[in-house]
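Participant: This structure is in structure tokens; I'll ask about it shortly.
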Amino acid sequence: MVIESKINDEISKIVLKNNKVYVEILNLGAIVEKINVEDRYGNKENIVLAYKDEKSYIENPSSLGAVVGRVAGRIGRGSFKLNDKIYELDKNNNGNCLHGGYKGFSKKIWDYSYSEDEEKSTATFTSFSKDREGGFPGNLKVKVTYSLEGDKLSIEYRAYSDKDTVVNLTNHSYFNLSGNNKRNVLEQKLYIDSDKICELDKNLIPTGEFLSVEKTPFDFRESKKIGEDINKNHLQLEIGSGYDHPWVLNKKGDFDAILVDEESGRIMKVKTDQKAVVCYSMNFPDELPLENGKVAKKHDGICFETQNLPVGYDDCFLDGIILKKDEEYYQKTIFEFKCI
């Protein structure tokens, strides 16, 4: 089932719904506002952090639920070189370009359409970024499709440019399987199918080096509580004040990451065709009020930002996000919701 409603003259809400999952999406930033799923007792609750009202998403300093880009994450020094030309970008994060700059896709009002059949409900959002917006080359058309089928929510991203450019899109939802943010995520168990992370410098920019997770707090190859090692003495944890790192995915198993809340019984399984997932443990929450009258606290949520490797200094990993003129950028991530 698909339900459309108007918040105001510009902002609309699309609901994708079946008997298992209920998803609310705004055309502002193609934002996932809510995902309601049942716990083991049959209570259906929201498992992503949501602001108190839709007006807060206009500012949205934490990018709650939004599609971010053109390029997710930070581009070191806010510039990159492509086809022997240097492009200077918006420097909106300590001299770096974060999530596409000041006018990234998280700030745009998207066009949308929707459809449904007996098995699947779909909402498709389209947007446009003009040549040199934020400093990026190329007129870029973007299409993001959310599909709800049974207990699976899939997100498909497509992009097309009339010039060679760079694209690395993702969704920035903060998950918390306790339901309605009853508890932080530190007691929830996390599995990541990854042997290494990207090393970050003090500005959270990739250095171009990889670090083995072996015998470090970043080893989630066997499921463990997020809070088990998050306060351990490790330089990379000190840099991020927690987890905010790209895990390079092994792509060996059925799922790339799994989150479990044993108290509620909820499980979320993540599968992506991307090379990496940035897991961000909400180390620097903003102070805007959340639903239920709460204000976000540190570690109230965790992001699964599936993407190609983020760009570091001296354009390291840039090759992985280049989109050639008239070619298609495509990626897909599936979130599967279960209960034990």
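Each residue, glycine too, has its Cβ placed from N, Cα and C.
Below are the features I grabbed from TrEMBL:
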type     : residues               : note
ACT_SITE : H172                   : active site, proton donor
ACT_SITE : E305                   : active site, proton acceptor
BINDING  : H172, S173, Y174, D244 : beta-D-galactose binding site
Participant: Can you tell me how many other Cβ atoms are located within 10 Å of the Cβ belonging to D244 (beta-D-galactose binding site)?
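Facilitator: Excluding its own Cβ, the number within 10 Å is 21.
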Participant: Would you kindly give the Cα-Cα distance separating E305 (active site, proton acceptor) and Y174 (beta-D-galactose binding site), rounded to the nearest Å?
Facilitator: 10
Participant: Suppose the beta-D-galactose site is H172, S173, Y174, D244. Which further residues of the same chain have a Cβ inside 8 angstroms of that site's Cβ centroid?
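Facilitator: Sorted by sequence, the hits are S62, S63, L64, F175, Y280, M282, G301, I302, C303, F304, E305.
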Participant: In Å, how large is the greatest distance between any two Cα atoms among H172, S173, Y174, D244, the listed binders of beta-D-galactose?
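Facilitator: The widest Cα-Cα gap among those binding residues is 14 Å.
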Participant: According to DSSP, does H172 (active site, proton donor) sit in a helix, a strand, or coil?
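Facilitator: It is coil.
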Participant: For the residue listed as 'active site, proton acceptor', what is the tally of other C-beta atoms lying within 10 angstroms of its C-beta?
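Facilitator: Total other Cβ atoms inside 10 Å, all chains included: 25.
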Participant: Do you know offhand how many angstrom separate S173 (beta-D-galactose binding site) and E305 (active site, proton acceptor) by C-alpha?
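Facilitator: Their Cα atoms are separated by 8 Å.
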Participant: If you draw a 10 Å sphere around the Cβ of S173 (beta-D-galactose binding site), how many other Cβ atoms fall inside it, taking every protein chain shown into account?
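Facilitator: Step by step: centre on the Cβ of S173 (beta-D-galactose binding site), count other Cβ atoms within 10 Å, giving 27.
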Participant: When you measure from the Cβ of Y174 (beta-D-galactose binding site), how many other Cβ atoms are you left with inside 10 Å?
Facilitator: 26
Participant: What's the CA to CA span in angstrom from the residue listed as 'active site, proton donor' over to D244 (beta-D-galactose binding site)?
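Facilitator: Spelling it out, the Cα of the residue listed as 'active site, proton donor' and the Cα of D244 (beta-D-galactose binding site) are 12 Å apart.
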Participant: Is it possible to get the count of other C-beta atoms within 10 angstroms of the C-beta of H172 (active site, proton donor)?
Facilitator: 24
